[in-house]
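Worksheet: the structure to be examined is printed underneath.
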Amino acid sequence: MNCSISGEVPEDPVVSKKSGLLFEKRLIERHISDYGKCPITGEPLTADDIIPVKTGKIVKPRPVQAASIPGMLGMFQIEWDGLMLSNFALEQQLHTARQELSHALYQHDAACRVIARLKKERDEARGLLAQAERQIPMAATTAVGTTAVSNGKRAAEDEDTGPDGKKIRPGISHSVIETLTECNAGLSQQRKKRQIPATLAPVDALARYTQLNSFPLHKTNKPGILSLDIHYAKDIIATGGVDSNAVIFDRPSGQIISTLSGHSKRVTSVKFAAEGEVVVSGSADKTVRVWQSSENGNYDCRHVLKDHTAEVQAVTVHATNNYFVTASLDSTWCFYDLASGLCLTQVADASESEGYTSAAFHPDGLILGTGTSGSLVKIWDVKSQANVAKFDGHVGSVTAISFSENGYFLATAAHDGVKLWDLRKLKNFRTFAPYDENTPTQSVEFDHSGSYLALGGSDIRVYQVASVKADWNHIKTFPDLSGTGKATCLKFGPDASYIAVGSMDRNLRIFGLPGEDQMEG
């Protein structure tokens, strides 16, 4: 007897009490659950209306097709055809899925480009709005021509002064503080995921560094390089000299790109900004100059800033590349807008009379560190311009200050050597006193990864950065080949692939692995 639905002999037969028809149990149960009626008669039917039929277990007879070789070959051919059809259908589905994925990726890429363009337009609009906000208070209180700009120079005598004789500053606006805070949040998040780059020069490589080149960049009659900075992406070096010039130098080619002449006294500090398109220099002539690169490769003076009344000792650029700070021996530091050259605020600490001899932004940009001629290190909150911490213990002027990329180490250099400070606990945890009492430490610098520390005085010494409690291993000591005994400034190259050193002669010296410089050439 055969199943009334499939027409085959049922393996688990059941009979309907109402119609008496025979069914395969699994088929009739599924039909009842779906339709609730008999598939043959159409009468209402439930699971209680079917009765199982007991049968003996027998082996199913072999189908007629499987009884002969030609029949079996036919069955195999049918199975093969079915398999090929199924495979073809799967390939079609895969092709369709690939097309849909490609379309989705294209839409995602287009959306990302639109979002990036909108963000850029938003940032430009914010910059224009901030500039307008800064100009509104000045326009309301000054006559036409108050901030006249001629040949990139701003006349200090035209600026408004308050009742106490001090210049009126617009202040750091809310939009600027928002920009600084956003930059801080982004950099702090990146720092949590920060890893030491695989391309960083290893310790054993630094131990084999030697002098590769010496480039005479400044004048012979007034020798001395007082400051330097490196733009890592372009591998160009800026130096500031006693000869009152700043020099932009292309290290791979060994050629001078531009000589920036305009200061009347020695250039004490020089920094790159805006992807190397802008250079900011501070001088003992009490001015700060902003230089803009031009199409012919030279750098032209765009602003002369005359807000200080004594030597400008330090320049430091904020991580946004939109603002910078200058520090002077007049006991004030100024916060500037890079694009307009406008001094937003000038901060003086009424409790102290010593001038500032060094300054540096924290990598996240909301903290400013300054060193004074009175041996103090001061930490400032940039948003409120409040002095939030003071470190003492040095002897002599604090000549250099450098924050580590890890965000919580600070290195300061003075006459008595180098001190390392833990910004989390606000205390000194290590001191290097490499020279005698008559030899001051002129410079100190962390590399960009925060893995190495270099200091300069009568020689140049490189240390491997460790934790607060672990020892900082001394890697190498380079002699000061200038013969002056004063390594006034130094900086690590990209991935610590070389060390650039300026001394009190006219030469910029490059220390690195022998052979690599020739390979680049």
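Even glycines carry a Cβ here, placed using N, Cα and C.
The domain 'U-box' annotation in TrEMBL covers 1-70.
Marked as region 'Disordered' by TrEMBL: 147-170.
Counting residues 6+ beyond its ends, the repeat 'WD' (260-292) has Cβ neighbours under 8 Å at 152, 222, 224, 226-231, 233-234, 236, 238-248, 299-317, 321, 324, 326, 328, 336, 338, 341 in the same chain. Here TrEMBL flags 260-292 (among others) as repeat 'WD'.
Per TrEMBL, the feature repeat 'WD' maps to 305-346 (among others). Within its own chain, the repeat 'WD' (305-346) is flanked in space by residues 127, 130-131, 134, 147, 154, 156, 166-167, 169-173, 176, 179-180, 183, 187, 265, 268-275, 278, 280-290, 352-361, 363-365, 368, 370, 373, 380, 382, 385, which lie at least six positions past its ends and keep a Cβ under 8 Å from the stretch.
If you look at the repeat 'WD' (349-390), the same-chain residues 6 or more away from its ends with a CB under 8 A from one of its CBs are 172, 177, 180-181, 183-184, 187-188, 191, 310-311, 313-320, 325-333, 335, 396-405, 407, 410, 412, 414, 421, 423, 426. According to TrEMBL, the feature repeat 'WD' maps to 349-390 (among others).
The annotation repeat 'WD' is assigned in TrEMBL to 391-431 (among others). Below 8 angstroms of C-beta separation, residues 188, 191, 194, 357-364, 367, 369-379, 437, 440-446, 448-450, 453, 455, 465, 468, 472 of the same chain, each at least six residues beyond the ends of the repeat 'WD' (391-431), sit close to that stretch.
For the repeat 'WD' (391-431), the predicted model reports an average pLDDT of 91. Assigned with DSSP, the residues of the repeat 'WD' (349-390) fall into helix, strand and coil as follows: 0 helix, 22 strand, 20 coil.
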